[in-house]
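Q: Could you have a look at this structure, given as structure tokens, before my questions?
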Amino acid sequence: MESLVRQSKKLCPYIGRTSASSLKQLGNGRLTQKAGQCPIMGKAMGVRGFKSDAGSNAESATVDVHAAVDTSKGTCPHAAQYSPVYPSSRLDNYPFGMTQRGLGKVPTQDAHNATTFNYESFYENKINAKHQDKSYRYFNNINRLAAEFPRAHRGSIEEDKVTVWCANDYLGMGRNPVVVDAMHETLDKYGAGAGGTRNIAGHNRHAVELEAAIADLHKKEAALVFSSCYVANDSTLSLLGQALPNCVYFSDASNHASMIHGIRHGGSEKVVWKHNDLADLEAKLARYPKSTPKVIAFESVYSMCGSIGPIEEICDLADKYGAITFLDEVHAVGMYGPTGAGVAEHLDFEHYHSGAQTQRQPIMDRVDIFTGTLGKAYGCVGGYIAGSAKFVDMVRSYAPGFIFTTTLPPATMAGARAAINYQKATMKDRVAQQTHTRYVKDKLANRGIPVVPNPSHIVPVLVGDAQKAKAASDLLLTKHQIYVQAINFPTVPIGQERLRVTPTPGHHEGLCDELVAALEDVWQELDLKRVEDWTAEGGLCGVGEGVEVEPLWSEEQLSYGRD
């Protein structure tokens, strides 16, 4: 905040006359928002890189954007267009040197004669823009059947059944009897809702026990449960940027929207580094003093391409340059490691499986902050953070996304805890999922159907065109009774549209063969590009580029779960 205030006071003569305490009352987000609306400061921000994505220094620019501005009256010409938004009793505390006299009034006649803004037309135009660029999203009415996993029925016609191939219930825990029974028992005893926020009637044994289970899973001192991991990421990252003095974020270019928005809401400087590019990350870290607070935000499994972040190497760089690590394991918890703690645990598999000693500190111990979800491999809903006791307590005490929302229902938390404990005790589901993933990838490769190469459980089938991706999805559903959702912009870049396939333990070889045959039929009917076509064009996303990767799960590790 102090850095933003200093920069603002240098750039704008009206802000320069305002006390730092008054400016701080606006907060990072509001100050930046107000400045962006100003024709003077808005231009300055554009020139000086306030909103740049990577490595810019707002204080290094020298363009004098105020050269032609009359400052003799001491009143901001931009602010003078608006009526007071503060109570009259607080006029002395107006920011930007505003006064009641200087603010003036909106011309009454113009306001009465103006035409009302056409809101519905505006909404329609925004929707039409989505249709025009082929990124409009259609929702399929899919009702997953617990007793027939991975089958579902469409709409209200229960006989219209399809096989679901794109759900994030990776292990089928949403219908696991242990989870369902725990939820039934808790629901019958404690009712449907939590009754309030954690501070007001919503703190209960289920939250305490779930957070203890999560902390133990990641070998951290404490954990905190949120309504979703989107909220967990947004709330935590934004708080870090607001709380740490002169904080700088370092964000992987492929980070999830929840992390991007959390960083944006934090209001601190952001540096984007090329996806999984350690040399680029180090070069950008090296520009800042070691004493500057830094947050390196990245993921373990990137869900749209299946790539895996270099966790150990990023921890090395964090130690070298004085940063903390923020690791999103949303698509990895439950899926990797002997107990399902994620990729960080999996990288020290033997240590956690058999107690083998490592020559270095375990990677899980080196990660400062974990975030994860209860809504994917664990089959429930909710998100969480895990870290040091002091860090978690700070987030608990300051993060609006935690403080001002109703607690998850007791039954949901009981089910999530049951799922975590179940997956801690067995690897059979993870091994079955990995086995089916390899089977599908191998069969598609044999037919030349392009799969983005990766070492994880994600099977991204490259199409490369939004309209064709939707057509392929529709054809799979209507002709083959197979549901695979098309993935388009903004989830993936334009031109990299794909079908995202996620095998589960329930997708046995017979269902896998049906999927492969259906994809072959669709590729022929729509004349979609195969690996050889992408190779001739120079390749894309690793397809047709000679990229080979080894699965993260080794054959030896898979054998442990088959015993």
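Here the Cβ of each residue, glycine as well, is placed from N, Cα and C on the backbone.
Keep in mind it's a predicted model, so treat the numbers as computed, not measured.
In case it helps, Swiss-Prot gives these features for our protein:
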type	residues	note
ACT_SITE	Lys376	active site
BINDING	Arg137, Ser251, Lys270, Thr491	substrate binding site
BINDING	Ser303, His331, Thr373, Thr405, Thr406	pyridoxal 5'-phosphate binding site
MOD_RES	Lys376	N6-(pyridoxal phosphate)lysine
TRANSIT	1-18	transit peptide
Q: Out of Arg137, Lys270, His331, Lys376, which of the recorded positions has the smallest number of neighbouring Cβ atoms within 10 Å?
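A: Fewest other Cβ atoms within 10 Å, among the recorded positions Arg137, Lys270, His331, Lys376, is found for Arg137.
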Q: How would DSSP class Lys270 (substrate binding site) in three states?
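A: Its secondary structure by DSSP: strand.
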Q: Could you tell me the C-alpha distance between Thr373 (pyridoxal 5'-phosphate binding site) and Arg137 (substrate binding site) in angstrom, no decimals?
A: 24
Q: Once the chains shown are all counted, how many other Cβ atoms turn up within 10 Å of the Cβ of Thr491 (substrate binding site)?
A: 17
Q: Looking at the binding-site residues Arg137, Ser251, Lys270, which has the shortest Cα distance to His331 (pyridoxal 5'-phosphate binding site)?
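A: Considering only the listed binding-site residues, the nearest one is Ser251.
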Q: Taking only the Cα atoms, work out how far Arg137 (substrate binding site) lies from Ser303 (pyridoxal 5'-phosphate binding site), in Å, as a whole number.
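A: Cα of Arg137 (substrate binding site) to Cα of Ser303 (pyridoxal 5'-phosphate binding site) measures 19 Å after rounding.
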Q: So, in DSSP terms, is His331 (pyridoxal 5'-phosphate binding site) helix, strand, or coil?
A: coil
Q: Compute the C-alpha separation of Ser251 (substrate binding site) from Thr406 (pyridoxal 5'-phosphate binding site), stating it in Å without decimals.
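A: Computed Cα spacing between Ser251 (substrate binding site) and Thr406 (pyridoxal 5'-phosphate binding site) is 30 Å.
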Q: How big is the gap, in Å, between the Cα of Thr491 (substrate binding site) and that of Thr406 (pyridoxal 5'-phosphate binding site), rounded to a whole number?
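A: Checking the Cα atoms of Thr491 (substrate binding site) and Thr406 (pyridoxal 5'-phosphate binding site) gives a distance of 29 Å.
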Q: Within 10 Å of each Cβ, count the other Cβ atoms, then let me know which of the binding-site residues Ser251, Thr373, Thr405 comes out lowest.
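A: Fewest other Cβ atoms within 10 Å, among the binding-site residues Ser251, Thr373, Thr405, is found for Thr405.
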Q: In terms of DSSP three-state secondary structure, what is the assignment for Arg137 (substrate binding site)?
A: coil
